[in-house]
Amino acid sequence: MSPVRPRARAVLSLLGGLGPQLLLLLLRPLAASGDCSLPPDVPNAQAALGGLTSFPEKRTVTYKCNRGFVKVPGKADSVICENNKWSELAVFCNRSCDVPTRLLFASLKKSYSQQNYFPEGTTVEYECRQGYIRDPSLSGNITCLQNFVWSKPDRFCKKKSCPKPREIENGHVNITTDILLGATIYFSCNAGYKLVGATFSFCAPVGNTVGWTNEFPECQEILCPEPPKVDHGMIQEKQNSYAYGQSVTYKCMEGFTLHGESSIYCTVKDDQGEWSGPLPQCRETDVTPTVPKSTEVNVPAAKSTAVPRTTPRFHATGTPQGRGSAPSVASTVASDNLYNKEIAFIDSTAMHMRDTNDTRTLHLNAKTLNFFLFNFAKK
């Protein structure tokens, strides 16, 4: 290896005395002729560099506005590298209100629909949406204020009103609030009728006005099916059809007795007519005679020793106990020769007479009593 020349040794000594950053800068390859370095700073914006630090001739760099700032319409937002320098760029980002508030009852006029730059003092105008009508006493404008928020809008558009609902035959129209745009009305039918059609209707825009969205329904009468038959029975005054609330009444044929309620009624369940229950029954009439009950007869003691051969004094009452039955009888007999005697008769029932402190009690039916009064007294 040849010895270092004194001149070269002096240059190396000089470079060693420089700082490391300056040394790297000097060692960096020089940009090609015509290239540009980093683009200039622009107020309220950032350049899209893509990680580059050197840009060739005719290269364009675009800027983007910082948050809270908006590009001023018509102003450039990019620079170009020409002759080793960047083109001039004016400030193009400025403070602005956001896009105007969207209103339920109004929309921005078309002239503002594509605009996004609204500097302080900008005024925009609304127009009423379909289904609303303008209130001329109120302003339809809002303004971008100094703090870059919009002024509060008035409610300058009012809802239009739908036509007054017509009546429904055998039904009702239920208005819960009003009949203005957006309102809903409901339909119902009277008892015994069913709804055929829509159950509600909505007030909505129709062209330049408002109207009801659904056709009004009808209320159809509900009829019950043919009345059920009852064995050995028939319907009194039968009709061709039966509506809600009407009834049918049954009667039994001769020789049969009706058990249960004689009438059933046409009712409604799930919009269908059905008969109430249960049905009555016609049962064969029972003709078996009833066995009469015994009758108590109180016979007081008497001092007379002779029994008159005429009809004794007595009082009798009776009510029918059923077909073929004898009446019940209460009788008082005054006769001395009945004292201390017990007499028994066998007829349809037994008769018994006993002494109870000068009062004789006889258990007998009417037929036995007659036998006793008109036969025994003769003995």
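Think of each number as a place in line: the chain as shown, counted from 1.
Every residue, even glycine, has its Cβ placed from backbone N, Cα and C.
Just so you know, TrEMBL annotations never went through curation; they're auto-generated.
Computed from a predicted structure; not experimentally measured.
Cross-referencing 266-297, 298-329 with TrEMBL places the feature region 'Disordered' at 298-329.
Across the domain 'Sushi' (95-159), DSSP assigns 3 helix, 21 strand, 41 coil. Shown for the domain 'Sushi' (160-221): DSSP residue counts in helix, strand and coil, namely 0 helix, 32 strand, 30 coil.
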